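J.: Attaching a single structure in structure tokens format; questions to follow.
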Amino acid sequence: MGIAFFVFFLGCGLAISHRLFAEHSPWVRAWAGLAGGLLGLIWLPATTALLTGFTSRCQWIAAGMMGVLTLLTLRFASAPVRMPPADRPSRAETGMVALFTLLICLLLYTHVIYPNADGGLSVGQSTYGDLALHLGIVTSIAEQGEFPPDYSIFPGHRLNYPFLVNSLSASLYLLGTPLRWAVLLPSFVMAFCVVAGFTSLAREILQNRSAVLWAQVLFFLNGGFGFAYFLEGASKNPENFFRIFTGFYQTPTNLVEENIRWSNVICDMLVPQRTTLAGWCFLMLCLWLLYAGLTRRRRKYSVAAGIGAGLLPMIHTHSFLGLGIISAIWLPVYLVQQTRRTVRPYLQDWMLYGAIAVGLAAPQLFAWTFQQADEGGFLKFHFDWANHDDIWPWFWVKNVGLVFVLLPAALWAANRRMLSLYSGAVGIFVLAELVLFQPNEYDNNKLFYVWYLLSCILVGGFLHDLHRRLEGLRGRWIASALILFVASFSAILSIGREAVSDYQLFDRHQVSAAEFIRLHTPKDALFITADNHNNAVAALAGRNILVGTPIYLFFHGIGYETRWSELERMYGDPAAFPELSAKYKVDYVYFSSYERDRFKRDGSYFEQRYPRVFASGDIGIYAVSPRAIAGRAEPSRLSSIRR
């Protein structure tokens, strides 16, 4: 049922796009329609859930709303017109989109709780850290039905992290889709929308199909000169090179000890970071709509861009911020280029775009984003991003590589149209170099990548023009191939490492424990556990734990210290347990090797005083509250974790 629900929304999005963008190619209508369908699937159930709770009924009400919206569009929008030939992608562009989409999807397939031979669930290098957080949001929303949700790893605190891409998966999970596929299916579609969206944006800007190919390679195979650290001395010590494929984050695009921080967008952004994947899906669409509105002068682009921008904050705040910076700079830059005849409609379009975007975004910002920023003290001045060891220019040269090296030449050769476009990218780069927007300085890269995508389009166009001007010169194809090789070699090595990485996130005993918890404990039950990030109770079972890992909580601006100290007392001081467990209304104690190692206790206190309701391997679960001991629980109707 969940898959049919998913396909229905995508079909509605395609039907709406077919009418609204009738003058564009089927290619453009397809990716814009899929993105629109995803946007409906994210926002309509979420909006309905604010009134009804996150239930099955909420999902079907949302589907009805999407159906009505589609019928109204088909009834009142203009009929399709013939596609202009210039909007049709070349075979090479299509092939590159297929290649990069397939690559991302293959990595997602092997990196999202892939069932292993031992009955556990495996992931890749890049998903080992963040995936458990996303799974916990998906399962807690679907299992508990509370909306807006709290942190399941810190119950009682509103979930201010952009969670809507995970509520999308929660919709599918709630309607019977297995957890793994509830995450994978929308991710596959979003991956296509990101790749196709970037390609369409580059084509709209460059107006040259061959130049688009350069931009595609530079963006998706991004990487600097980090490969040099692994080639150095490799002839005498081959292990220095081969550690790329065996070490944990020892890659040419992510080597912290050598100040390499410019991660490959496929390996470290699109595959592991679900909010970034979703954010870029809609960012590409909004940038395309915004730029098309500037060049085609049709108001529907401004309206659609305003809707997309306004719905971005709780999907991906950094994408919303990046789009806002670009918009704030493009407005005056393009205003001074208007004539007396065009200035009024130009301002009207921008006012319409801004009013819609601000009107839709403001409730999200005040209800979630600003509250998180205020609690965590997010904004602060900080020059030079994540550079701690190198002089300023060299840090960017060795991290970004040829794109950064060629930027001055590309800007020198750019015409007024390209310089106007790139002004927004300059604004993002300057702001991200001066201001940190989260406690984790590394997260500013989510802004830098918006600068980088426009830089790749600019430099890609420059390299294409340079290649064309060298026509007749012997060796120009070799020179172009060498440029592409140097620009992408670090990325190729990093992707190779990612492809062979395999780490077990949950063993079979943790999976069995999570299944038991889902089937035999109340949906609002509170567990105490250790603070390991791969917490089966929160991630797989969707239940609340008293306090989760500081790896997540600190960077979300949550003060967890008091609760953590009392958790330590509950495990370590038998005399304190009755009082503290009553204070927090703890229902169950989870005891495994993680708790044994973390708190240096053997669990005998719980074994002697409370009934053990589950045991598997080194895991024991003890009922401690009256309702837990009584064993009253409504069995979960959601799909099995193992499927």
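The backbone N, Cα and C atoms fix where each Cβ goes, glycine too.
According to TrEMBL, the protein has these features:
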TRANSMEM  32-53  transmembrane segment
TRANSMEM  60-77  transmembrane segment
TRANSMEM  97-114  transmembrane segment
TRANSMEM  181-199  transmembrane segment
TRANSMEM  211-231  transmembrane segment
TRANSMEM  277-294  transmembrane segment
TRANSMEM  350-371  transmembrane segment
TRANSMEM  391-412  transmembrane segment
TRANSMEM  419-437  transmembrane segment
TRANSMEM  449-466  transmembrane segment
TRANSMEM  478-496  transmembrane segment
J.: Is it true that the transmembrane segment (211-231) and the transmembrane segment (60-77) have 3 or more Cβ pairs under 8 Å, skipping pairs fewer than 6 apart in sequence?
T.: no
J.: Near the transmembrane segment (97-114), which residues from the same chain, at least 6 beyond its ends, have a CB less than 8 A from one of its CBs?
T.: 89, 121-124, 126-127, 131, 135, 179-180, 183-184, 187-188, 191-192, 194-196, 199, 216, 220, 266-267, 270-272, 495, 498-499, 502, 505-506
J.: Counting only residues 6+ away from its ends, which parts of the chain sit with a Cβ under 8 Å from the transmembrane segment (350-371)?
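T.: Those are 148, 158, 160, 162, 290, 293, 299, 302-303, 305-307, 309-314, 317, 320, 324, 327, 331, in sequence order.
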J.: Within the same chain, where does the transmembrane segment (277-294) have neighbours whose Cβ lies under 8 angstroms from its own Cβ atoms, ignoring anything closer than 6 residues to its ends? I mean 6 or more beyond.
T.: 31-32, 35-36, 38-39, 42, 162, 164-165, 168, 187, 190-191, 193-194, 197-198, 200-201, 204-205, 269-271, 301-302, 304-305, 308-309, 311-312, 315-316, 318-320, 322-323, 326-327, 330, 334, 349, 353, 421, 446, 450
J.: Residues sitting near the transmembrane segment (32-53): Cβ under 8 Å, six or more positions beyond its termini, same chain?
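T.: Same-chain contacts beyond the ends: 6, 9-18, 21, 24, 59, 61-63, 65-66, 69, 145-148, 164-165, 167-168, 171, 186, 189-190, 192-193, 197, 278, 281-282, 284-285, 288, 308, 311, 315.
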J.: Can you work out which residues elsewhere in the same chain, 6+ from the ends of the transmembrane segment (391-412), have a Cβ less than 8 Å from its Cβ atoms?
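T.: For the transmembrane segment (391-412), the sequence-distant neighbours (Cβ-Cβ under 8 Å, at least 6 residues beyond its ends) are 218, 222-226, 259-262, 384, 419, 422, 452, 455-456, 458-459, 461-463, 483, 486-487, 490.
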J.: Are there residues at least 6 beyond the ends of the transmembrane segment (449-466) whose Cβ is under 8 Å from a Cβ of it, and what are they?
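T.: Residues packing against the transmembrane segment (449-466) from afar: 198, 201-202, 205-206, 208, 210-219, 222, 265, 269, 283, 318-319, 322-323, 326, 400, 402-404, 406-407, 409-411, 413-414, 418, 421-422, 424-426, 428-429, 432, 480, 483.
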